[in-house]
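Asker: This is the structure I want to talk about, given as structure tokens.
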Number of protein chains: 2
Amino acid sequence: MPELRQDIITGEWVVIATERSKRPESFTARAEVGPDDRTNCPFCYGHEAMTPPEIMAYSEEERKPNTSGWKVRVVPNKFPAFSPEGVLKEFEYGIYRAMTGIGSHEVIIHSPDHLKDLDQLSVEQIDLVLSVYRERYLALSTVEEYKYILIIVNHGPRAGASLRHPHSQLFAIPMVPHLLETEISGAERYFREHGKCVYCQMVSFEMKERVRMVAENDRFVVLEPYASQSPFETWIIPKNHLSNFEEITDSDKRALTGILKGILKNIADNLGDPPYNYYLHTSPLHQRDLQHWHWHLEILPRLTIRAGFELGSRLIINVTTP
Amino acid sequence: MPELRQDIITGEWVVIATERSKRPESFTARAEVGPDDRTNCPFCYGHEAMTPPEIMAYSEEERKPNTSGWKVRVVPNKFPAFSPEGVLKEFEYGIYRAMTGIGSHEVIIHSPDHLKDLDQLSVEQIDLVLSVYRERYLALSTVEEYKYILIIVNHGPRAGASLRHPHSQLFAIPMVPHLLETEISGAERYFREHGKCVYCQMVSFEMKERVRMVAENDRFVVLEPYASQSPFETWIIPKNHLSNFEEITDSDKRALTGILKGILKNIADNLGDPPYNYYLHTSPLHQRDLQHWHWHLEILPRLTIRAGFELGSRLIINVTTP
């Protein structure tokens, strides 16, 4: 019997229908890695001039900007979804409403290595990537027009990656996106009703149940959410209440590095290196120390395709039970 | 300069970022049609025993159920996301909430032809398919537990189709799905504020502007919505206000048949037979003659992939301007 489970934060429902995992497929679809053409990779050493001028970089020694020798490099996205130029303004077009797409769309190149995915880098290198995340959050949070910063990873072409060389993308945007508004207002409602942070509640419930818990260390819990949207959806949640990722301490950052590497390696090893996305959900900018909101990182393996039912209803069908 | 456009119905925003359409891709991904193995196709003549017993069929002459000779055939989905057996009940699991997945998940086989997509069928045959839609809506709307009926098509494996033989799927479900709730409450808010149906307003604005209008006939308008979620997203909207698809008259149904065939053929011919989904948005069950709600059919070509940004924010980036 299929079951509907309610997302405890957003209030939305998910269909858990394990019968559907038995479907025969007359089509096959696999992640396809195209020809590995490093000669045209804008993220490799020696090709720094192929990107727009860098925003920042970490490097071992003194180096001139936009030359090789860097360890992590941040550049503007050459094909941006948001642009820092221009003025933020809303306008009307007949019966409709619009606004200018002010923002910053940045690429964080994880390492000079063209092929090493995040889980294959050293913990020191991953720690540098997370340090860049924190540094860019803090730098961009001073821009008044920006209301939210979202950092994401697309792993594999079927997850939307258009370049092989592993990288994150940062979007600083002039609005709080719909999903975050929904999550945050859901968490606020939970706090009003129960007097507790819903993520703290979830962490303590799942640590007791140990059904959907995947891993833990001193500072973080890794779990599959009860109303998972896809097989093996995985969240990393800090054990202690903290609403803003960018306030993470160095020691928490190191703990996150370890657990992130472990869980991504687990996913790659046990699920055959599937495509996935991850995204960091922190507070909206200029909002700190929220009692009801708790930052976390969501990893979404792309093992199934969202089809007409999901797109036409926004009710997600998951073929496994988390 | 990218632009953000607000969906006039849901209030959600879409990013129109044409720069991003120039991205080079080191990966390629194409719709892949697997080996055309009719010998195992459960939807072809002679294989009627491969499906669960049929719910209904249209046929030229007298025939025994579950034999060949049918023109359109409706069967339960063998791997259902919802099941008509059991009792609708909500329950709690620790801190979480769930309910049983009661419903009907049906497959409407468009014709005996294994390869003919909807746009390649005769208008008479398409009219039969739409008649089946209406008939199943009316039959299932008597079941008290069902709150919404969604009919969808998945065309191509990249749009989620798992079997080649063209078919629609019908889902009768025990709740109004999130997207419909959002659309309907948005339309209700628009009606309160403007005293008019938002779809009627859009039809008259777009017919005047003729910028996003794709086609029209006496009864229907075809347009690309101002805040389209993907390149070439297309809606078919009745010119006259009617909230329930299932009340469609025979003559409107014939007009819909013609315009649907035309627009699907257009999409196939001009965009290289891309994968697409379509879905019919009608009123929730047991709600009729809503002033603020207007049924329509949405067609979503799957030309781009929803990546980490879209999944992590629910803010959609569209690389073309509708």
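Using the three backbone atoms N, Cα and C, a Cβ is placed for every residue, glycine included.
These numbers come from a predicted model, not from an experiment.
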Asker: A:CYS41, A:CYS44, A:HIS165 bind Zn(2+) according to TrEMBL; which of A:HIS110, A:HIS114, A:HIS194 goes with them?
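Answerer: Candidate listed by TrEMBL for the same site: A:HIS114.
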Asker: What are the non-local neighbours of A:CYS44 (Zn(2+) binding site), defined as same-chain residues 6+ apart in sequence with CB under 8 A from its CB?
Answerer: A:ARG38, A:PRO112, A:HIS114, A:HIS165
Asker: Determine, for the Zn(2+) site, the additional residues of the same chain whose CB lies within 8 Å of the mean position of the CB atoms of A:CYS41, A:CYS44, A:HIS114, A:HIS165; present them in sequence order.
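Answerer: For the Zn(2+) site the neighbour list reads A:ARG38, A:PRO42, A:PHE43, A:HIS47, A:PRO112, A:ASP113, A:LEU163, A:ARG164.
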Asker: Please report how many Å separate the Cα atom of A:CYS41 (Zn(2+) binding site) from that of A:HIS167 (active site, tele-UMP-histidine intermediate), as a whole number.
Answerer: 12
Asker: Using a 10 angstroms cut-off on Cβ to Cβ distances, just flag whichever of A:HIS114, A:HIS167 is the loneliest among these recorded positions.
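Answerer: Fewest other Cβ atoms within 10 Å, among the recorded positions A:HIS114, A:HIS167, is found for A:HIS114.
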Asker: According to DSSP, collapsed to three classes, what secondary structure does A:CYS41 (Zn(2+) binding site) have?
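Answerer: A:CYS41 (Zn(2+) binding site) sits in coil per DSSP, no helix or strand.
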